[in-house]
Amino acid sequence: MSISNTVTKVEEFAFDNASVKTIDNELERSSSTESKATAREEFDASSKSLDATQLYLGEIGFSPLLTAEEEVLYARRALRGDEAARKRMIESNLRLVVKISRRYSNRGLALLDLIEEGNLGLIRAVEKFDPERGFRFSTYATWWIRQTIERALMNQTRTIRLPIHVVKELNIYLRTARELSQKLDHEPTAEEIAAQLDIPVEDVSKMLRLNERISSVDTPIGGDGEKALLDIIPDANNSDPEVSTQDDDIKSSLIHWLEELNPKQKEVLARRFGLLGYEPSTLEEVGREIGLTRERVRQIQVEGLRRLREVLIKQGLNMENLFNVEDD
């Protein structure tokens, strides 16, 4: 993203009439007209000294967060086509986009590019959000923001384009390789990765060959050779508290939606993906625990995921980023 494009985006999101009015309201707290003018001058001067990223991050701070009651009010107005309400919903959640975007740093796109993609997801979330569903907008928007950012990373950071479902599957293998390398103190083989994921070795080898960027999970990337591929794979155990809270909200919603499944589907998905107090398990492990064959567990998983997709569609969501598994 060029500086000119960044400034344009700042003007679109932060310097429209509503935001300027917000700035003026803040300045009116000054004790006199002179102090108000001084504050404005200091703001203008400091803004010029910041780079594009800092300028953007500074400007979105002028948009106050909405309370739960305001959120419902503006969301209802936005659904009725009120453009001012729609813009207020967007502006009040730009900081959420930044927080989520930071989690994807060092993965091939600059922070401002990640933010721009995340903003597209935020806009989509505002358009789709129904406040009568009963959960907070930040929880709903997080899904859309993550999806647009992850799609951008998948599409823009490869010289050889791979289908999104293939890239997601490859990322599962690489993430597993990272975990194994920490446990085994050596680069895991395709056989070890396959055993961990409970899939054929041939599938792992085939997928890894598709990734033209690497020959092993420890291959250095970047010009300085100081960063390895492992360094850019997100660590699920390393998220900031605020994002963790959003994750907890999503998990709580997911647990609620599991109640829409029959008891067997609910138990299989909970055991497979580490919900309801269970640890994530392979198909074979789940089968041993509940007395079913691996194939029968897989069938129940497919049925459960299909039903869960129907539930999420009714919520205006999709399950693309929920589970690291193809549901076909």
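Cβ coordinates come from backbone N, Cα and C, glycine included.
According to TrEMBL, the DNA-binding region annotation covers 283-302. Confidence in the DNA-binding region (283-302), given as mean pLDDT, stands at 89.
Residues or ranges marked as domain 'RNA polymerase sigma-70' in TrEMBL: 113-126 (among others). Break the domain 'RNA polymerase sigma-70' (113-126) down by DSSP state and the numbers are 14 helix, 0 strand, 0 coil.
Across the domain 'RNA polymerase sigma-70' (282-308), DSSP classifies residues as 23 helix, 0 strand, 4 coil. Under the heading domain 'RNA polymerase sigma-70', TrEMBL lists 282-308 (among others).
The region 'Sigma-70 factor domain-1' annotation in TrEMBL covers 51-84.
What TrEMBL lists as region 'Sigma-70 factor domain-2' is 89-159.
Residue counts for the region 'Sigma-70 factor domain-1' (51-84) under DSSP (helix as H, G, I; strand as E, B; rest coil) come to 23 helix, 0 strand, 11 coil.
Listed by sequence, the residues of this chain that lie at least six past the ends of the domain 'RNA polymerase sigma-70' (113-126) yet keep a Cβ under 8 A from its Cβ atoms are 1, 9, 13, 56, 75, 78, 86, 89-90, 93-94, 96-98, 100-101, 104-105, 137, 140-141, 143-149, 151-152.
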